[in-house]
Amino acid sequence: MPKLEQFEIKKYWQIFSGLKPIENKVNHDQVLPILYNSKLDSSVLNKIWFLADIDDDDNLDFEEFVICMRLIFDMVNKNISSVPDELPDWLIPGSKVNLIKERKKRKQIENADLPPKKEIKVDWYMSPDDLNQYEKIYNSCAKLTDGTITFNELSTKLSTKFFNISKTDLNKVWSLINPQNLPSIDRDPTFYFIHCLRQRNDLGAEIPASLPNSLAEVCNKKQLSYDLRSSQPPTKRKEEANEVDNLRDNGQNSSSDNSGSNVLSNENSIKQKYASLTDDQVANMREQLEGLLNYKKSEKTQGGSKLSKRINIRSITDDLDNIEQQVEVLENYLNNKRHELQALQAEIN
């Protein structure tokens, strides 16, 4: 690390004067633009600020400002690979030597009094206050058309709030709560992303290697894709319809067979399927079966000719439903492409 030159000190004085110091000191907010323009990790910048603020008053006089700027430039220009734990002697101003010695003594005493450091684990429980705070951060983020948030958007937002986390921390937690490596995540994983990083920032909690099973299910939840080229399997609506159709088939078979054993067998089969369904599926199934009952009643009263007409109408209705679903997918796909086109045009302009 080369020593300070006179031209450097003049350059730092020009920058210092431009910040409009009060009583020959600048505070953290005044220096903040310079810190962020360096593109260094917040953990690195915090360590530089701590080393430079020798008198621990949360302000920098000119001598301390010179230390701060020199360490930043050395890191940016790769003159040093990491911030030193202590200032080199040639960078300590003569007026600050005694303060440095006092700081070292305090640190030795504090370290001697500290109990052995225990590993802090992430607590995944979120209190109502936590949820309110995370909701505000979530609402302040720019979202994609499907309501999800990208890594860059979240990391930029959190870097202005959590100063003790590094880019490595951000990447680790993103991989943890995004095991499918999706380009963006929705609301629930976003909350867990913020919650984990907050404990890392405030408590120094260790980032876990895996999620609890209950959280893994939330973070592994698949997002609905509107890309027509996607190989995503059919939606849940179709799966539920298939289950109801299977139950309807069982009902039709039982009505065509008068034997008590077949009826009992079909009844047990229906009960087993019924027990495995969710509330939404049960409601959907009930609606379908009531429709089937009404259909059977009308079949007996109106005869075979009207039956064939109703079957044809049902077939046409199903076709219309399928076409309607395809139109919705195409409209969403068109809207996404329009947004992409607008973004490209904005970049060109």
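Backbone N, Cα and C define each Cβ position, glycine as well.
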Matching range for Swiss-Prot feature annotation, region 'Polyphosphoinositide (PIP2)-binding', among 96-105, 166-175:
96-105
Return the count of C-beta atoms lying within 10 angstroms of the C-beta of ASP53 (Ca(2+) binding site), excluding that atom itself.
18
Can you tell me whether DSSP puts ASN59 (Ca(2+) binding site) in helix, strand or coil?
strand
Counting across all protein chains present, how many other Cβ atoms fall within 10 Å of the Cβ of GLU64 (Ca(2+) binding site)?
21
Can you give me the residues near the recorded Ca(2+) site, meaning same chain, not ASP53, ASP55, ASP57, ASN59, GLU64 themselves, Cβ no more than 8 Å from the center of the site's Cβ atoms?
LYS25, ALA52, ILE54, ASP56, ASP58, LEU60, ASP61
ASP55, ASP57: which of these binding-site residues has the highest Cβ count within 10 Å of its own Cβ?
ASP55
Averaged over the domain 'EF-hand 2' (146-164), what pLDDT does the predicted model reach?
89
DSSP-assigned states of the domain 'EH 1' (8-98) in counts, ordered helix, strand, coil:
55 helix, 7 strand, 29 coil
